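A.B. asks: Below is the structure I would like to discuss, written out as structure tokens.
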Amino acid sequence: MHFHERFDVIVVGGGHAGTEAALASARMGSKTLLLTHNIDTLGQMSCNPAIGGIGKGHLVKEIDALGGAMAIATDYAGIQFRTLNSSKGPAVRATRAQADRALYRHKIQEILQHQPNLRIFQQAVDDLVVENETVVGVVTQMGLAFEAPAVVLTTGTFLSGKIHIGLENYSGGRAGDPPAIALAHRLQELPIRVGRLKTGTPPRIDANTIDFSKMTEQKGDDPLPVMSFIGDVNQHPEQVSCHITHTNERTHDIIRAGLDRSPMYSGVIEGIGPRYCPSIEDKINRFADKNSHQIFIEPEGLNTTEIYPNGISTSLPFDVQLNLVRSIKGMENAEIMRPGYAIEYDYFDPRDLKNSLETKTINGLFFAGQINGTTGYEEAGAQGLLAGMNASLQIQGKETWCPRRDQAYLGVLVDDLSTLGTKEPYRMFTSRAEYRLLLREDNADLRLTEKGRELGLVDDERWAKFSDKMESIETELQRLRSQWIHPRSPLVDVLNPHLKTPIAREATFEDLLRRPELDYPTLMSIDGFGPGIDDQRAAEQVQIQVKYSGYIQRQQDEIDKAIRHETTGLPLDLDYQEVPGLSNEVIAKMNEHKPETVGQASRISGMTPAAISILLVHLKKRGLLRKSA
């Protein structure tokens, strides 16, 4: 049975990757269908009730700069906002928000339902229709066939998902949801390498049974940050505190005594878990010398008593979970509302993807999110936006696009995955980016919004606000560069008390702002130097661009040198056996990875500068040298 309409792009799955993919495709004018097994769970925060953090906040800002929904929903649902690394340089500062699950889900669903060109339909997908190595549609559980020349799979943890609590296990996509067994079997028939990963979640605690007076209160920032570049602090709901407590030796003894009933330590779970978000069992085992681990007590919303104890993800049996929770200070009488669990699921080797997130072997088939081996809402959302955008570009007959490593954390993420692959759930950190001084949260819109507008992702409202901000920044920078102060000026007497060394020669206002003891608000508050610009985010940008101009230029020079051959394209059908001078090891790795560019090839383990030179000579001789889009 065929559905009565044909679509341009079909997105399968309604999590963070799927919603951003569907919205991106629809914003670009493609007739888009979002298929989900349950409309009520669109935008569900399946694990922790938080968005952002180190590296992750940068991705959220980039999604926002390209017109995505995640930051807007976070501003609407955020019940505590904090700027992490606020005492450090701007490159590593990151925004993190606790989010009310219900409010976040509601906002995402509202955005989806009001998006032109987007249809939502509730049905699980069981089959892909592939003809001549090209996807042409999908078939749902009830046998209904939908046709489209592009399909984006964002299946999360649902592919052959298996939930573990102690030595008991059962099939599930997440707690309360069925797995995608038929679709997993269908995907295993494709020429794409498959593996198993696992992730986990902690037990949820009833706040009424917690003694918060025994814990350390953790308040949000004041003044409050916003997540979206078009966000307003007045959009935030009521703000609440989190709390901090710790495990202790008794907790650790309880966990050790239960390890023989742990699915991870008894060999029941084969999937590899996330290195940077380990279970409490893993922490006790890997950090045996530590007698305490920090736990963040995070509220799940304003109208629920559920608490998320961040730091004790576990798949131990329920009785062990209850005992370990009650051994923790402030939770001696705690009641568990939902048990913690681990979930194993299929993922596909991201080295089998192009940097557009289209599979190399099936035309029109795109993957995004945990199916590619990543972990985290932010990583999923960023991939979803890219995949949905490229699916739309492709069916419009246009070149696909992916930012380079020096342009966005999204570029770093995709390059890492498609070049190196991953054996464990991949999460983003600022340390993964070579050019992080340029890839700051504060300038994500300056880096990406113009490109987003060109691609059709950015609407008129966002573009107008961005253009106003850019004009304010440029006008103010020109003013600071063109106005001078002389040592004999009356302004010197007002200025010198703010300086470590008095003014001794002519200087521009820009020169003054470069001084470490002066910041922009202080300089603007001195009579004769202001009033400056009112927009706080534009003012911050002025200060950063002035104070870090030397470092930024130095990093830009490094990029210009490195980029000469970074985007030189490599034919996907090139047989490296035919390239004279390459070692057998390099030939094997190049034929396995099939990198799309010389830049990707250079990052494959075992590649040498000499091998790259040989490759470039071969390409030039054969007339194959080309620049990637």
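Note: Cβ is positioned from N, Cα and C throughout, glycine not excepted.
In case it's useful when we look at the structure, here is the feature table from Swiss-Prot:
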BINDING   G13, G14, G15, H16, A17, G18  FAD binding site
BINDING   273-287  NAD(+) binding site
A.B. asks: Validating a neighbour-count step here. Other CB atoms within 10 A of the CB of G18 (FAD binding site): how many?
C.D. replies: 30
A.B. asks: Taking the centroid of the Cβ atoms of G13, G14, G15, H16, A17, G18 as the FAD site, which other residues of that chain lie with their Cβ within 8 Å of it, listed in sequence order?
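C.D. replies: Going along the sequence, the neighbours come out as V11, T19, E20, A21, T36, T154, G156, A368, G369, A380, G384.
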A.B. asks: Could you say which of the binding-site residues H16, R275 has its Cβ with the most other Cβ atoms inside 10 Å?
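C.D. replies: Result of the Cβ crowding comparison: H16.
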A.B. asks: Using the alpha carbons only, what distance in Å do you get between S279 (NAD(+) binding site) and G13 (FAD binding site) once rounded?
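C.D. replies: One finds 26 Å between the Cα atoms of these residues.
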A.B. asks: What is the Cβ neighbour count of G13 (FAD binding site) at a 10 Å cut-off, with all protein chains included?
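C.D. replies: Counting Cβ neighbours of G13 (FAD binding site) within 10 Å gives 31.
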A.B. asks: Across all the protein chains here, work out how many other Cβ atoms are within 10 Å of the Cβ of N285 (NAD(+) binding site).
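C.D. replies: The answer is 16 other Cβ atoms.
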A.B. asks: Work through the binding-site residues one by one (G14, G273) and point out the residue whose CB has the fewest other CB atoms within 10 angstroms.
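C.D. replies: With the binding-site residues G14, G273, fewest surrounding Cβ atoms within 10 Å: G273.
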A.B. asks: Rounded to an integer, what is the Cα-Cα distance in Å between A17 (FAD binding site) and C277 (NAD(+) binding site)?
C.D. replies: 20
A.B. asks: Based on Cα distances to C277 (NAD(+) binding site), point out the closest of the binding-site residues G13, H16, G18.
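C.D. replies: Result: the closest of the binding-site residues to C277 (NAD(+) binding site) is H16.
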A.B. asks: If you count Cβ atoms within 10 Å of each one, which of the binding-site residues A17, C277 comes out on top?
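C.D. replies: When each Cβ's neighbours within 10 Å are tallied, A17 tops the list.
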